[in-house]
């Protein structure tokens, strides 16, 4: 299938096989739902008025859904509607004789991405972060508890997670200030207050929940898979020193709640379907609610990279090359476990995977691991610049893609800059 409506480079993140959903605005239009294609974005509310989505069961008014400055209403409609809209868009983009193509004014339904402002894809009611990478959990455990006690006894039995702060989730390109808080650099002395000096990134992905479930009604693995709308890149920034002092006994608080950055384009599970792979062997076999009912692989082959642009220069330097396929607990397992207590998930809820580290040092998904808790310098090229953690005015960029035959399914960028702390 080839897009004939606009030109699309083979190297584009957004070919016709992708069609991710997002929320954008332009100088002439308020925020609304769009779909990325090549270097352009399609206005789905405008296409709705031309009848492109007429006749789709469950989508009574495409204009009402797509003229909103968030995707929640569309997410709530479920996979049959998501799939039908995506199919109509592919037919529109690939068929010169499509009836809507005959009446469309391209300038009214299509804008250049370079002239669009991207917004958060959804109104995020709740945000949960998991801890689903065995390599990451093991590395952190070895640092702080030793090799013999690296993984806690529950880790291989359930997807560990905690509830994060939805209000401080921001879209790519939003700068964040270094957080203030308590830390205890000397265990023999009382804690001190001030800006974090061990600020870190966490290479993650995250999924948005679709229709959700009723309070008291757990999801099966199959229901959980159908409930995942799509996936974004995520940087769950971490103040390691603040977190280390505060986390006992209830887990992360100020060390995590100051900001989480997500990419603006939500890549659908249908676009990712060709890139399913087996997830790592789970031993012991999880309990039945986490292991039975589905024969399809739970992993996805998504290549991920993290780059840093230090404030001393203008070039990015590679820090991490990892892959979602390394993740021990699958997305559907995370969501099924989240709901098994009867917790009601709602359209637009966000669930992060936790740091995605691989088996080799260059695939470690955080500076905590790369510097081994600050014990060694991370070299940033021939300039001699090094880091253990993030300095003020450094920029972190996360990218990711799946490689197909002659095309790639990309996620765009997840970019954030750390500004100096605001003193009180």
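For all residues, glycine too, the Cβ spot is worked out from N, Cα and C.
Annotated features in TrEMBL:
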| type | residues | note |
| --- | --- | --- |
| DOMAIN | 17-121 | domain 'Fumarylacetoacetase N-terminal' |
| DOMAIN | 127-414 | domain 'Fumarylacetoacetase-like C-terminal' |
| BINDING | 129, 202, 204, 236 | Ca(2+) binding site |
| BINDING | 131, 145, 243, 247, 355 | substrate binding site |
| ACT_SITE | 136 | active site, proton acceptor |
| BINDING | 236, 256, 260 | Mg(2+) binding site |
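Overlay of TrEMBL annotations on the structure.
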residue: 129; record: Ca(2+) binding site; Cβ within 10 Å: 26
residue: 131; record: substrate binding site; Cβ within 10 Å: 22
residue: 136; record: active site, proton acceptor; Cβ within 10 Å: 29
residue: 202; record: Ca(2+) binding site; Cβ within 10 Å: 26
residue: 236; record: Ca(2+) binding site; Cβ within 10 Å: 25
residue: 243; record: substrate binding site; Cβ within 10 Å: 20
residue: 247; record: substrate binding site; Cβ within 10 Å: 15
residue: 256; record: Mg(2+) binding site; Cβ within 10 Å: 24
residue: 260; record: Mg(2+) binding site; Cβ within 10 Å: 27
residue: 355; record: substrate binding site; Cβ within 10 Å: 30
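The record gives 129, 202, 204, 236 for Ca(2+). Within 8 Å of the mean position of their Cβ atoms, the other Cβ atoms in that chain belong to 203, 206, 234, 235, 238, 260, 352, 353, 354, 355. Residue 247 (substrate binding site) and residue 204 (Ca(2+) binding site) have their C-alpha atoms 20 Å apart, to the nearest angstrom. Residue 202 (Ca(2+) binding site) has 355 nearby among the binding-site residues 131, 145, 243, 355, counting only those with a Cα within 10 angstroms of its own Cα.
Report note: the Mg(2+) site is defined by 236, 256, 260, and the residues of the same chain whose CB lies within 8 Å of the CB centroid of those residues, excluding them, are 129, 164, 165, 202, 234, 235, 237, 238, 257, 259, 352. If you take the Cα of residue 129 (Ca(2+) binding site) and the Cα of residue 243 (substrate binding site), they are about 15 angstrom apart, rounded to a whole number. Neighbour list (residue 204 (Ca(2+) binding site), Cβ cut-off 8 Å, at least 6 residues apart, same chain): 129, 233, 234, 235, 236, 352, 353, 354, 355, 356, 365.
Note on proximity: among 145, 243, 256, 260, the binding-site residues of the record, the Cα nearest the residue listed as 'active site, proton acceptor' is that of 145. Across the domain 'Fumarylacetoacetase-like C-terminal' (127-414), mean pLDDT in this model comes to 97. Each residue in the domain 'Fumarylacetoacetase N-terminal' (17-121) gets a DSSP state, and the totals come to 43 helix, 25 strand, 37 coil. Distance from the CA of residue 131 (substrate binding site) to the CA of residue 256 (Mg(2+) binding site) is 14 Å. Here the C-alpha separation of residue 260 (Mg(2+) binding site) and residue 243 (substrate binding site) works out to 15 Å. Largest CA to CA distance in the substrate binding set (131, 145, 243, 247, 355): 19 Å, whole number.
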